[in-house]
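TrEMBL lists 1-18 with the feature signal peptide. Per TrEMBL, domain 'CFEM' is recorded for 19-128. Here TrEMBL flags CYS47-CYS87, CYS51-CYS82, CYS61-CYS68, CYS70-CYS103 as disulfide bond. Annotated heme binding site per TrEMBL: ASP65, in sequence order.
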Amino acid sequence: MFFKFIILVVSISSLVKGDNYATYPQVPKTASYNGFADPIIDVLPDCAKECVKYSTGNTPCPNWDTGCLCVMPQWSGLVGQCIAKNCTGSDVQSARYWATSLCSTVGANTWWMPASISTMLSTAAEGAAEITTISDKTARSWVVASGSSDTNIITESSGVAESGFESSVNNTNNNSSSIVSSVASSAASFTESTSNMAVLGASGLGGAIICLLASFLV
């Protein structure tokens, strides 16, 4: 058991490097709703405003950490599903535009969700043209310090574990070790660089790792 513990520590250390965290834009460490909702809630269509207020309790992220929330499919899936059910046409496209723009601004470069939810959003858009710019509205400035301009793209895959998402919907109060297992399972279906892991690591993965390590000792 102790040998497995050592192997786990070494493996995690090789993936998450603290000196990468500073390369990503920094955001305020406080939020009224959460770090995803606060910057864009004023410019979102009314039908989507309540959707982004979902509790972040099914993630290992601090609720203020925008970049971390952007790459949590179990949370983004709930938000996306809500938008798909409550919005239609251009309102869906507008919500997607603001969400993806926000995630790009904070260095995550994707709004990561299960493929089935992405399909639901496309269906709800009902053929409305994709929105690539909105000139009459401005989201709140959310980045408080610049990071490196050399960001990396996390590629979305259609192979997200659907069961992992459904489990998170039904068990939003799962303990941290269960959450980490779900995230790790989903993450296996995505292509991402080591520095992309820093987005997750800087945003609360440390606490989740501690819980995971603790589970190996009991």
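Placed from the backbone N, Cα and C atoms, the Cβ positions cover glycine too.
Proximity of CYS103 (disulfide bond) to non-local residues of its own chain (separation of 6 or more, Cβ distance below 8 Å) is seen for THR66, GLY67, CYS70, ASN109, THR110, TRP111, given in sequence order. Counting residues of the domain 'CFEM' (19-128) by DSSP class, helix then strand then coil, yields 63 helix, 1 strand, 46 coil. In sequence order, PRO45, CYS47, ALA48, ALA95, ALA124 make up the list of same-chain residues 6 or more apart from CYS87 (disulfide bond) whose Cβ falls under 8 Å from its Cβ. Note on the domain 'CFEM' (19-128): its mean pLDDT in the predicted model is 92. CYS61 (disulfide bond) is surrounded by 27 other CB atoms, counting those within 10 A of its CB over all protein chains shown.
Note: the CA-CA distance between ASP65 (heme binding site) and CYS51 (disulfide bond) rounds to 17 Å. Between CYS68 (disulfide bond) and CYS82 (disulfide bond), the C-alpha separation comes to 20 Å. For CYS51 (disulfide bond), the same-chain residues 6+ apart in sequence whose C-beta sits under 8 angstroms from its C-beta are VAL79, CYS82, ILE83, ASN86, ALA95.
For the disulfide-bonded residues CYS47, CYS68, CYS70, CYS82, the greatest number of Cβ atoms within 10 Å around a candidate Cβ is found at CYS70. Within 10 Å of the C-beta atom of ASP65 (heme binding site) sit 26 other C-beta atoms, taking all shown protein chains into account.
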